[in-house]
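> The following block contains the structure, expressed as structure tokens.
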Amino acid sequence: MPLRSLHPLPLVPLSPQDWVFLTRFCFLSDFGRLDFRFRYIKSRCCQNILLYFDDSSQWPAVYKRPDKDCYQKEAVLRPENNQVINLTTRYTWSGCVGDEEVLSCVGGRSFRSVRERWWYIALSKCGGEGLQLEYEMKLTNGQSFWTQHFSADEFGILETDITFLVIFSLVFILSCYFAYNLKGRQLLHTTYKMFMTAAGVEVLSLLFHCIYWGLYARDGVGNGSLKIMGKLLFSVSFLVFLLMLILLGKGFTVTRARISHSGSVKLSIYMTVYTITYIILFIYEAEFFDPGEVLYAYDSPAGYGLMGLQLLAYVWFCYAVLISLKHYPEKQPFYIPFFTAYTLWFFAVPVMALIANFGIPRWAREKIVNGIQLGIHLYAHIVFLAITRPSAANKNFPYHVRTSQIGILLSSPKAGVAGESFPHHAYGNSSFLGDSQPNFTELFSIQSVSGRALGGETGDLEKDVMYSSGKNLRDHCKIISFFGFNIHWCV
């Protein structure tokens, strides 16, 4: 917990109220420690530090209970458990000394409990003119770099983020290596670039989070801007990956060269709504989350809205995959494992949110949810990396049309959808031969073709080429491929 100087010098009015909540902290069962320094004008004596724990008879019984006055809120505490620290010279444990005008109190408390639990710290001055004081508090758990300034619900977050940063960095590096191989075979499609973008942004997000938590562990303060930037990048990575899944489900770069105009409009509207909902969630979390309650980001209207949009995306994803399989049944080796794996992913996020809201103890929620959330993202990235690896052994490889051929398909004079759809072909993984087996099959080949001339690189695309001149005049043509050069020979 950071050293909090919430009100700098000179002395300022904290609140006209006689009971005020300050902060909360989850202490370890044996190593929790509160160190404080309070100073206030002696004429405003006497003020108290109140230590509530998360038992239903204490904090929930007094917080946001306007029907209870200051005395009733103090009455739920047990002075014999040292839950009330009277900031006067008469109370030895308060460490108060003073002169004729100012009373200064420097002291601390150690916390012992049967398990980690939340403690809530408040100030009171019942029956007076309200609170006016300056204070500093330092709340710690032991002396270790990994625990000292962390609330117990945050234990392990830094170590977890560092671990996932290393793993995601390896995933990103491996995706770059695969992309290099795909580019050499002209199979580096837009959807794979989107995957690389999502993985790269995820790495940046984890880097910002690791820097934030590292600074926090060192001085107990950190830099809030780094944490916000990490969250924003995490959301961007998620949105890019989600868009990529929907596009692949619709067959983009797998069975078609582009999405229809109506489909593009629907996707634009959906992603805009999703992005706006994410922004609302950030604003809601920053402005409306009550620090006196242990809340989770999805435990809000915007959070439930995101879960609803996730389920809507899954319905859309299912429909898109079914349509793609209907028109391209030969793509089953890709779409069946693709659909199965990401069905689990689509449901993992809402299920995780519901479990976090209702099934995980609040004193352990943040660290558990952090690990689960990163694990879900890692699962999604590793699955995609596996099914798109450029290997002859990969029977799930989705792409068969080369990037150099897409522009030719789009410029085809065939009407509408026919010009956007790829020819029927199983997979391009047949071109990925083992390192010990050189590929001589493409050095010299003569293909008998009929159809529109493709020109240049032909690859695995059906080489049906037709030239037309005048009315319904068609010539039968052949393509001779010699060391990568294509020669069009028409009879």
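The backbone N, Cα and C atoms fix where each Cβ goes, and this holds for glycine too.
Pasting the feature list from TrEMBL:
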type	residues	note
DOMAIN	16-135	domain 'GPR180-like N-terminal'
DOMAIN	164-384	domain 'GPR180/TMEM145 transmembrane'
TRANSMEM	162-182	transmembrane segment
TRANSMEM	194-216	transmembrane segment
TRANSMEM	228-247	transmembrane segment
TRANSMEM	267-284	transmembrane segment
TRANSMEM	304-322	transmembrane segment
TRANSMEM	334-356	transmembrane segment
TRANSMEM	368-387	transmembrane segment
> Sequence-remote contacts (6 or more beyond its ends) of the transmembrane segment (194-216), Cβ cut-off under 8 Å?
2, 149-150, 157-158, 161-162, 164-165, 168-169, 171-172, 175-176, 179, 222-224, 226-227, 229-231, 233-234, 236-238, 240-241, 243-244, 247, 374, 377, 381, 384-385, 388
> Determine how many residues of the domain 'GPR180-like N-terminal' (16-135) DSSP places in helix, in strand and in coil.
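Secondary-structure composition of the domain 'GPR180-like N-terminal' (16-135): 19 helix, 53 strand, 48 coil.
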> If you count Cβ pairs under 8 Å, which stretch among 267-284, 304-322, 334-356, 368-387 touches the transmembrane segment (162-182) the most?
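Most contacts with the transmembrane segment (162-182): 368-387.
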> The transmembrane segment (334-356): which same-chain residues, six or more beyond its ends, come within Cβ distance under 8 Å?
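Distant contacts of the transmembrane segment (334-356): 245, 248-249, 254, 296, 298-299, 303, 307, 310-311, 313-314, 317-318, 321, 324-325, 365, 368-369, 372-373, 376, 379-380, 383, 387, 396-398, 427.
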> Compute the average pLDDT of the predicted model within the domain 'GPR180-like N-terminal' (16-135).
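Mean model confidence (pLDDT) across the domain 'GPR180-like N-terminal' (16-135) is 85.
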